[in-house]
Amino acid sequence: MDIKLLYRLAKYLRFYKKDLIIVMISLLSVSASLLLIGSIFRDLIDRGLAEDNILSVNKSILYICLLIVILSVASFFRSYFINNVAEKIVNQIRKEAYSNLINYEIEEYEELKIGDIISRLTNDIDQIATLIVNFLSFFIRNSVMLIGSITLMFFESFKLASIVIITIPILLVPLIKFGKHVKALSKKALESKSLLVSDIDETFNNIRVIYAFNHQINKIADFDTKLQSYLIYCKTRLKIRALFFAISIAVIFLTITLIVWIGASDIVQGDLSAGQIISFIYYAIIAGVSSGGIFELLSEMHLPTTALERIITIIDKTSIVHNNYYALNNSDAISIEFKNVDFTYNSRPNLKVINNMSLKINSNKFVGIVGRSGAGKSTLIQLLLRFYRQENGTILINNQDISFVKPTDIRKFIAYVPQEASIFSDTIKSNIIFGNNKASDYEINEIIKITGIEEFSTKLHDGINTKIGEKGVRLSGGQKQRIAIARALLRKPKILLLDEAMSALDTMSEQKLLNAIKKIMKGNIIISIAHRISSIESADYILVIDKGGVVTEGSHYDLSKNSEIYRNICREQLTI
């Protein structure tokens, strides 16, 4: 068990001192009640039953009933407050992990699987709640009862108590031996469970593709393979746990049997009374159950501590922070410039996606971007948004190097519409105002009309307040793209980035919407990656990108006459 991890967890406990004091008082009350019952049993037998003293018997029974009431009330407070503290702490940890995750650099998500993130924020954190309850409730209670029962056993019989003490090292040996193996298995089990969650997430996000290719049977087989892998780790871990539990039970009950045998001899010889041996056996049972509980908890601590370790790695991971950030100049005349920019994705280190790229875009320009697949078009936009950092060269907005500007400040100037419209499982309106939650109803209604959302939203039962399902499953591709564009326009950006943002619309609808966008964005910059050449024919100029660089630029007319690459791209689209 990693003490550093437990110390880290203990830091959260300081916020709940009052609750923990109640838990500790309740724990001590429970332990004291159970231990006191042993001495009452001795009096019940030696002073009551042995002497036929019914008054003493009644008094002992009354005391036992009183202790049971105290035990019950204390158990309620212990259970309620420790579980309440555990839930508060895990929610605090979950919030910290979520807050840190959502502020990671975009490139850091390339190393993470969505299923693994979900698993860590749900299953792993639930394991931490188990760790808190087990340690602060059961472990401490059992420890107090073990120490108390052993102490009281020495008062009853030093010889018999010494026999009980000998059994503790016997139980420690297998615990230490199996501990490291169980920890490794626990880590593998959690990783395997994350793969299961990833598979479930991937399956139901792509359910239409699975249906279209009749791949249900194959997916079930793949899922079963992952499930069996997870079960193998669980089975092995549970087998070791069961073996240790069996050894513990055998040692505990053999010890109690030995105590009864030796104790019976002492009674016959007059060294112990019947009440003392009953009281001693009671304490021995408590000691056995408590030690068994402690050892079982210790054997099971590896799973939640491994989960805690996985969560701590998320909380402690820090993104690259530049200490010399400056505010971005908020001038009316906006400009963008790339100077000899190079970029390579970490996942593809041998492929230079952007290669010595240079370009300049000034205010009041509608700029089209064309190029074959993999030429670097979308990467250009993502560098501008500071999703990634260029390796070499400089990217300027308003003549400022964006490497020295907070990414959040840069994105205040920009609205981005990807080809795959990102829609949240809420209402149409909530998806639109995601771009600007301070927009007035008038502004929202105007944007809805301009983007053509009004045409289909009025046919829905609740209009723009209609719930559209997870990822907008109840909408068509074109409808989702209109919502994504409305969200971007409501933001009132200085720079609008369209990455094949109208690919699901027909040519006529696309032109109508594009004309509306140009009116709204007058005086600012529109950069549009073309799905169809027709969508950028009216652009002020077009950048032709090939192999990560700008090879030529000009109007549609000029490029059609003078650029072989551009003509080939146009020709390829006509043949599709």
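Any Cβ shown, glycine's included, is placed from N, Cα and C.
Lifted from Swiss-Prot, the feature list:
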type: BINDING; residues: G371, R372, S373, G374, A375, G376, K377, S378; note: ATP binding site
type: DOMAIN; residues: 20-303; note: domain 'ABC transmembrane type-1'
type: DOMAIN; residues: 336-572; note: domain 'ABC transporter'
type: TRANSMEM; residues: 21-41; note: transmembrane segment
type: TRANSMEM; residues: 61-81; note: transmembrane segment
type: TRANSMEM; residues: 135-155; note: transmembrane segment
type: TRANSMEM; residues: 158-178; note: transmembrane segment
type: TRANSMEM; residues: 242-262; note: transmembrane segment
type: TRANSMEM; residues: 277-297; note: transmembrane segment
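Structure with Swiss-Prot features highlighted.
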residue: G371; record: ATP binding site; CB count, 10 Å: 24
residue: R372; record: ATP binding site; CB count, 10 Å: 13
residue: S373; record: ATP binding site; CB count, 10 Å: 6
residue: G374; record: ATP binding site; CB count, 10 Å: 13
residue: A375; record: ATP binding site; CB count, 10 Å: 22
residue: G376; record: ATP binding site; CB count, 10 Å: 23
residue: K377; record: ATP binding site; CB count, 10 Å: 20
residue: S378; record: ATP binding site; CB count, 10 Å: 19
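Listed in chain order, the residues near the ATP site other than G371, R372, S373, G374, A375, G376, K377, S378 are T379, I545, each with its Cβ within 8 Å of the site Cβ centroid. For the transmembrane segment (135-155), same-chain residues at least 6 beyond its ends with a Cβ under 8 Å from one of its own Cβ atoms are 6, 13, 20, 23-24, 27-28, 30-32, 34-35, 38-39, 78-79, 82, 85-86, 161, 164-165, 279-280, 283-284, 286-287, 289-291, 293-294, 297, 301. Model confidence over the domain 'ABC transporter' (336-572) is summarised by a mean pLDDT of 90.
Long-range Cβ contacts of the transmembrane segment (277-297) within its own chain (Cβ-Cβ under 8 Å, at least 6 residues beyond either end) map to 34-35, 37-39, 41-42, 45, 134-135, 138-139, 142-143, 145-146, 149-150, 152-153, 156-157, 160-161, 164, 167-168, 171-172, 175, 241, 244-245, 248-249, 252-253, 255-256, 259-260, 263-264, 266-267.
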